[in-house]
Amino acid sequence: MKKRIALLPGDGIGPEVMAGCQKVLEAIAERFNHEFLFEEGKIGGGAIDAEGTPLPEQTVALCEKSDAILLGAVGGPKWDDAPSHLRPEKGLLGIRKKMGLFANLRPVSTVKSLIPASPLKEEVVSNVDLLIVRELTGGIYFGQPSGREGDKVVDTLEYTKQEIERIVRKGFELASVRRGKLTSVDKANVLESSKVWRETVNRIAPEFPDVEVEHQLVDSAAMQLIRYPEQFDVIVTENLFGDILSDEASMLTGSLGMLPSASLRSDGFGMYEPVHGSAPDIAGKGIANPLAMIMSAAMMLRYTFNLFEEAQAIEVAVQHTLEEGYHTKDLVIENGQELGTEGIIEKVIEQINEENTIKGILETYS
Ligand SMILES: NC(=O)C1=CN([C@@H]2O[C@H](COP(=O)(O)OP(=O)(O)OC[C@H]3O[C@@H](n4cnc5c(N)ncnc54)[C@H](O)[C@@H]3O)[C@@H](O)[C@H]2O)C=CC1
Ligand SMILES: CC(C)CC(=O)C(=O)O
Ligand SMILES: [Mg+2]
C-alpha cells in the first residue's frame, strides 16, 4: 500500500517524538511491504517564527493532499505572551477546524507492567479500558465573541444542535462495538449547552437499544475517574471537558506520555496526535516518552488505512518493550531499565522485527 503522510512535528518535544515515530513507521513499511511517503509541514510556534502565522497555507495544502496527518505538539513559553492570533495553539485549533476533525478518540487502558504514577491503588487501575470521545471543533475554544474590552473579558461556549448530535452518535456507535456502555458527561445543572447535550443523548438513545446510557456531571465524573475508573466504557463529552478529563485519565496508565489520540472526520480521514503538549520542561533533553506518538500512528494505521495487523504490530511491540522492563523517565517499572527517547524507539523497532511478535499477530488474523 502506498500512502502520503503529512508530518507536523510542531514545537518542544514534538519533533523529538515525531522523529521516533517516523522510524517506527519506516520499520513497519519494510516489514509489511508498504510505501509511506512522508512530507513535513510547519505548525505552531515554529511556523510563527518562520512564516508569521501558526498555520501557514502550505501546511493546509499539504494536509489536504495527504492521506493522513501526524501531529506532534505545539506551544511553549517563547510564545506565551503573544497576541491570541499569534499563539501556537491557534495553529492546532485551526487545522482541526479546517479539516473538519470533529471527533477526538482518546483511549485509556492499563499497561500491565507500569506502576501508576500516583497514589492510586493497584486494584483500582488494573483493568481500565475506556475511551474518551471528545468533541473537537466546537465549544468554548471556537465560540465568538472571544476577547477583551476594557475591564471585561469574554469567551463564548457555542454549539449547534447538529454538532452535538454528530459527536453523540459517534459515542453511541463506538459504545455499541465495545462493551455497550455510554457515559455522557456534561454540566446540565448549570449550562444551557449541556441541557441540549443531555436532551440529544436521550433522544438518540432509543436508536441504540443495546447501549446502556448514563449521565454524569463533569465535576463528579472527574472524581469517579479516580475512584472507580473501571465503571467507564465510552465517555462522550464536549471539547473543554474532554480536554481536561483526558489529561486526568492519563494518570491511570502511568504518564501523559502514554496517551494517543485520533482526530477524525466523518469520512474516516484523520489527524493523529498524542494527548500531551510540547512539554517545554523536558524539551531538548532526549528523555521524552515517544510511545503516545507511536501509538497515535498505530491508530492511524487502523482507523484511516485499515491496516489492522500493522497497527497491532506497533501496539504489541510497545507492550513487549514495557514488559521487558524498558521505559522512559516518566514511567515506573519495578526493576526496569530507564532509556531515552531514541533508546526506547530502538527497542520498539527490535520488537517489530522480532519474528515471534509478528508470527503471533499474523496467526490472530489468519
Ligand atoms: N496538542 C498540543 O499540541 C498541546 C499543546 N499544549 C501546549 O504545550 C505547552 C506545555 O503545556 P503543559 O501544560 O506543560 O502540558 P504538557 O502536556 O506539555 O506537559 C505536562 C507535563 O507532562 C510531561 N509530559 C508531557 N508529555 C510527555 C512525554 N511525552 N514524555 C514525558 N513527559 C511528558 C511534561 O514534561 C510536563 O511535566 C503549552 O504551550 C500548551 O499550550 C498543551 C497540550 C496539548
Ligand atoms: C493546546 C490545546 C489547543 C488543546 C489541548 O490541550 C488538547 O487538544 O489536548
Ligand atoms: Mg489537552
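Just so you know, glycine gets a Cβ as well, placed from its N, Cα and C.
As written in TrEMBL, here are the features:
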{"type": "BINDING", "residues": "76-89, 277-289", "note": "NAD(+) binding site"}
{"type": "BINDING", "residues": "Arg96, Arg106, Arg134, Asp219", "note": "substrate binding site"}
{"type": "BINDING", "residues": "Asp219, Asp243, Asp247", "note": "Mg(2+) binding site"}
{"type": "DOMAIN", "residues": "4-348", "note": "domain 'Isopropylmalate dehydrogenase-like'"}
{"type": "SITE", "residues": "Tyr141", "note": "site 'Important for catalysis'"}
{"type": "SITE", "residues": "Lys187", "note": "site 'Important for catalysis'"}
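Checking the binding-site residues Asp80, Pro88, Asp243, Ala283 against ligand 2, the ones whose Cβ sits under 6 Å from it are Asp243. Apart from the site residues Asp219, Asp243, Asp247, the chain places the Cβ of Val218, Ala222, Leu240, Phe241, Gly242, Ile244, Leu245, Ser246, Glu248 no farther than 8 Å from the centroid of the site's Cβ atoms, the recorded Mg(2+) location. Close to Arg106 (substrate binding site) in the fold, though at least 6 residues off in sequence, lie Leu131, Ile132, Val133, Arg134, Gly242, Ser246, Ala249, Leu259, Pro260, Ser261, Val275, each with a CB less than 8 Å from its CB. Ligand 3 lies within reach of Asp243 from the binding-site residues Asp80, Pro88, Arg134, Asp219, Asp243, judged by a C-beta closer than 6 angstroms to any of its atoms. Sequence-distant neighbours of Ala279 (NAD(+) binding site) (same chain, 6+ apart, CB under 8 A from its CB) are Gly12, Ile13, Ala73, Ala288. Note: the CA-CA distance between Arg96 (substrate binding site) and Tyr141 (site 'Important for catalysis') rounds to 11 Å.
Rounded to a whole number, the C-alpha distance linking Tyr141 (site 'Important for catalysis') with Asp80 (NAD(+) binding site) is 17 angstrom. Of all Cβ atoms in the shown protein chains, 22 besides its own fall within 10 Å of the Cβ of Arg96 (substrate binding site). The recorded positions near Asp219 (substrate binding site), taking a 10 angstroms Cα-Cα threshold over the set Lys187, Ala283, Ile287, are Lys187.
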